[in-house]
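Here the structure is laid out as structure tokens; the discussion comes afterwards.
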Amino acid sequence: MGRKRQRAADGGERSLIGPSSSGASGNAEEERDTSTRGFVYVLAFFSALGGFLFGYDTGVVSGAMLLLKKRMNLSALWQELLVSSTVGAAAVSALAGGFLNGWLGRRICILLASFIFSVGGVTLALAPDKVVLLVGRIIVGLGIGIASMTVPVYIAEVSPPHLRGQLVTVNALFITGGQFIASMVDGAFSYLSEDGWRYMLGLSVLPAVLQFLGFIFLPESPRWLLQKGQNQEALHVLRWIRGDQNVEEEYDSIKANIEEEGKEVGAGGVVLFRMLSHGPTRRALIVGCGLQMFQQLSGINTVMYYSATILQMAGVRDDKEAIWLAAATSAINFVFTLVGVWLVERVGRRKLTLGSLLGTGLSLALLAVGFLLSAQSSPPVTLHPVDPNNSTCRLYGSCEPCMLDPDCGFCFRENGTKVFESSCVPVHQASIDHAAWGRSELLFHSSIQKVYLELFFWSHSRHVHACLAGAFFLYTGLVFLGLLFVLGCLPETRGLQLEDMENLFMGQLCSCGASSPTHNRHVHYIRPSPGCSSAQYGALDSDGAIAYITVSTALRCF
């Protein structure tokens, strides 16, 4: 560990800023940097298509479900299965993703994921029934799990340090972009009431095929090649990715780091136990897992997967209108991801995460208050028709407890915003959008232009309406805990190489966000002075100021 820390201090970032040179040399550096950026952006684009497919296949279900539950007469259980099966399959395949990344390589894993996405998309588009539809959703989930474990790693390993944060964030941008495009596709095909859902679910094949074709011609990660002993190929790929830049120092740094890791692996024992027994690795693992945990516990999946249904709960009756309004949520999510990509290298990861959590917490609190007020103003049951089956539905006195019962639905007439002649009746088991008896149809009256007698059966999401206020208050509390976690435990990593991250976790786990033991000062490069007597070490403070110190290098020259 001492040797690794010394390398990080002595040369980990040498290639970022070279010796002072003439203007012509500076122009050449800029041209090479532009060439490097161009190819790295191509790599990031084709890699992040996996993130796009992640976002598309998880987001498209929000609008498609409104058509599917009517077309295939889906019960609450089947709706839940079609949504959660994808996430469950992704979790299972993600467990295998780490092993596959090490065995097959990043490039092959991305090709495999894009192939699985293609098979899943075709299965969904041609599904004759809900069982095949479920199989298609599971296949898509397997692709999501592999892609989510591979794409960020590949992008991080091929990116230069000064672009890594921005390019890794591109994957998150493509995820939210996929959700936004999915909502637009949902809206466009919602006008095809019969088979619109087939186009919604099946169009994911297009980006999957594009990614597959692209990665046939793109290189493997140089870091993985070095891990497998393919040194010359790794050097060739690194030169290809970096253009005409001098990559020997970066190559040596990566190679030395891998050799150090190899010595640790050679020590024997279970990998997880070795990770947990090594302080810096254990602390980094806890911080990484904590960030992922609080991201998922923030309730974003509930909002995105059921956005169209939540809007219908708010009173939007038309499926197409609910789908288009849900697209607005996805659009805002996408736009502010663009803002995040722009800010990540300017503001830093830590401040950006804190601001994001603060905004998320306020939004969730607002949603919780809205659901609470909605539940408190639940319309009463004014009619109690004779129930031939003597069900429990006749016992409820308002809409809220009626909707909480899975066997009941709330029927009412409406004139504008006024609800009258409301009742709680049993739901028809063969068609959950209709009552077991009585009328559930559009009526017209001479004195009322449109009078509705409808059954609202919210299936899975209706529990959000009645008990969520509580659930969204819970999400708000979890986000507040996440805010405290980030405030105390997340260091700033802007501008550092992957090989230097260990230094940030040398101290205690939570030190009020101190980004390094040296108080936000990182050695970034070495500028040799003439001769072999001394060298100038440059350090970049957190405020961007550069300081130099001159150190004798007689021993190094010897």
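A Cβ is built for glycine as well, from the same backbone N, Cα and C atoms used for every other residue.
All annotation found in TrEMBL is predicted automatically rather than curated by experts.
Quick look at what TrEMBL annotates:
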type: REGION; residues: 1-30; note: region 'Disordered'
type: TRANSMEM; residues: 38-56; note: transmembrane segment
type: DOMAIN; residues: 43-558; note: domain 'Major facilitator superfamily (MFS) profile'
type: TRANSMEM; residues: 76-96; note: transmembrane segment
type: TRANSMEM; residues: 108-128; note: transmembrane segment
type: TRANSMEM; residues: 134-155; note: transmembrane segment
type: TRANSMEM; residues: 167-185; note: transmembrane segment
type: TRANSMEM; residues: 197-218; note: transmembrane segment
type: TRANSMEM; residues: 284-307; note: transmembrane segment
type: TRANSMEM; residues: 322-344; note: transmembrane segment
type: TRANSMEM; residues: 356-375; note: transmembrane segment
type: TRANSMEM; residues: 463-487; note: transmembrane segment
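Most Cβ pairs under 8 A with the transmembrane segment (356-375) among the ranges 108-128, 134-155, 167-185, 284-307, 322-344 are made by 284-307. Confidence over the domain 'Major facilitator superfamily (MFS) profile' (43-558), given as mean pLDDT on the 0 to 100 scale, stands at 79.
Contact check: the transmembrane segment (167-185) against the transmembrane segment (38-56) gives at least three Cβ pairs closer than 8 Å, residues 6 or more apart, which meets the contact criterion. Ranked by number of Cβ pairs under 8 Å to the transmembrane segment (76-96), the listed stretches 38-56, 108-128, 134-155, 322-344, 463-487 are led by 134-155.
With a cut-off of 8 Å between Cβ atoms, the residues of this chain six or more beyond the transmembrane segment (108-128) that come close are 47, 49-50, 53, 57, 97, 100-101, 135-137, 139-140, 142-144, 146-147, 149-151, 154, 198-199, 201-205, 207-209, 211-212, 215-216.
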